[in-house]
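Participant: One structure, as structure tokens, below. Some questions next.
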């Protein structure tokens, strides 16, 4: 925004400031209303036993009051810090309060100084009072604790806890339960959980066994009877494994974390690798056989496919002439192939061929799928197909997340961190290049908002207020909602802390950039109404969440209502009260 405003005329810069104010206001209000309310809904848990109601309205009312989220005290502290971010907005209202425009630039300058000072104070506060970073480390430790448990399980479960296809090994998990249940009463008590955590701590994990055991019991004990039955243990542990597999696929874990779960998931990774190697070698044999049947290459000298030859092959395999190759017809084909040194089951091989060629998912291969698949595999001829010990570049590009994880684990063992001067220079230059690219791309992005608003006949403020925040905050919102879905006190607290911290940075940093642009270019400040709406929304939410830690489900709908109410306030202040 600053780059676009400084490199254009004053009129264009004024429009860019309008877009920036809309983005600032829309982002803060979106985070505190729609995202906050959504996290309350997905993160809420039942705080008491359900009440028995005869009417649907009574049941609905009890649902709104019994389900809630609970945050810790430090989340309230973060909300109070967020409330301080509206001080520059409050200063900007002074000329309107006294109905005077004579001190407008002085007010802008004071607000700019306060914004920059607030930003620097926030940075230094985290350096000298690093409790915010410690909270994030606690979140990491929470995940690390789960990984330690998985690692310990692998050692004590008397067998792998994942089958070859990645499914949880129920028998191994049940054997682990029986080993933890030392008194044999078919229930795991708090003392037995603490003993398990002592074993985990002995592996090097620095955890508080008392608080960790309470949290672990809270997760495993589904009916709140302070005991963990075998059914509860198997159900929850199976869910943990599925969540960990998903997190590995999405790359939520660090290399050190992946090291710890490598022994748990290594059989599954190896199974997937062998499956891919089998499919590749199988297809190479198929291509070799089909080329020998066709009495020549299926690809012409100019690199284009010989469609006539491929069609003849398709018709030869399609014995029932239904224009599709079935599994039975593939099995007949496999019986004709000279297997050589490679051995496979005919049924399994036919299934793998269908997986490789069937793009529609109907378990049949039509002529188009056959032609495209044969062309694709013929471009990598059999003699160039990599054996089991190596990989082609194309295979690297199509490597599954599981194999990428395994590769990262192996690479990390052999590669040390480069701390040379050249490495530092490259890192710094990469940052400079990133800033330069951002400066170049900022103007087209801002111009796109302007063009869309002109074509749609909508003020650019409302486009940047509604649409732009949705696009720029989609990833952060998805991450927050996913974390809140875990329905744990610590992750819920950290989710709301991230929201409040994001609003603080958006308010202070955004205000600093916009006020700098207004002051540097001598622009007119005519956005008092917009920042007043942000001030009101942030003040309401800050007061509501700073002094309580318990939020029933109905509070989410109150937050939702704040979003259209804020739009209504912008209209009232701008068009009715002329508060500009």
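Positions of Cβ are set from backbone N, Cα and C atoms, glycine also.
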Participant: Between the candidate ranges 20-43, 44-67, where does TrEMBL place the transmembrane segment annotation?
Facilitator: 20-43
Participant: Count, for each of 77-94, 499-520, 527-547, the Cβ pairs lying under 8 Å from the transmembrane segment (553-573), and report the range with the highest count.
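Facilitator: Selected stretch: 527-547, with the most Cβ pairs under 8 Å.
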Participant: Restricting to the same chain and to residues at least six past its boundaries, which positions have a Cβ under 8 Å from a Cβ of the transmembrane segment (106-125)?
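Facilitator: For the transmembrane segment (106-125), the nonlocal Cβ contacts are 81, 84-85, 87-89, 91-92, 94-95, 504-505, 508-509, 511-512, 515-516, 518-519, 525.
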Participant: So what's near the transmembrane segment (77-94) in sequence-distant terms, Cβ-Cβ under 8 Å and 6+ beyond its ends?
Facilitator: 103, 107-108, 110-112, 114-115, 118, 122, 132, 496-497, 500-501, 503-504, 507-508, 511, 515, 525, 528, 531-532, 534-535, 538-539, 541-543, 545-546
Participant: Taking helix as H, G and I and strand as E and B in DSSP, count the residues of the domain 'EF-hand' (345-380) in helix, strand and coil.
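Facilitator: Counting residues per DSSP class in the domain 'EF-hand' (345-380), I get 25 helix, 2 strand, 9 coil.
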Participant: What else in the chain is close to the transmembrane segment (499-520), if you only count residues 6 or more beyond its ends and a Cβ gap under 8 Å?
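Facilitator: Non-local partners: 1-2, 5-6, 13, 16-17, 20-21, 23-24, 27-28, 31-32, 35-36, 39, 75, 78-79, 81-82, 84-86, 88-89, 105, 108-109, 111-112, 115-116, 118-119, 122, 132, 476, 480, 531, 534, 538, 545.
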Participant: Helix, strand, coil residue numbers for the domain 'EF-hand' (305-340) per DSSP?
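Facilitator: Secondary-structure breakdown of the domain 'EF-hand' (305-340): 21 helix, 3 strand, 12 coil.
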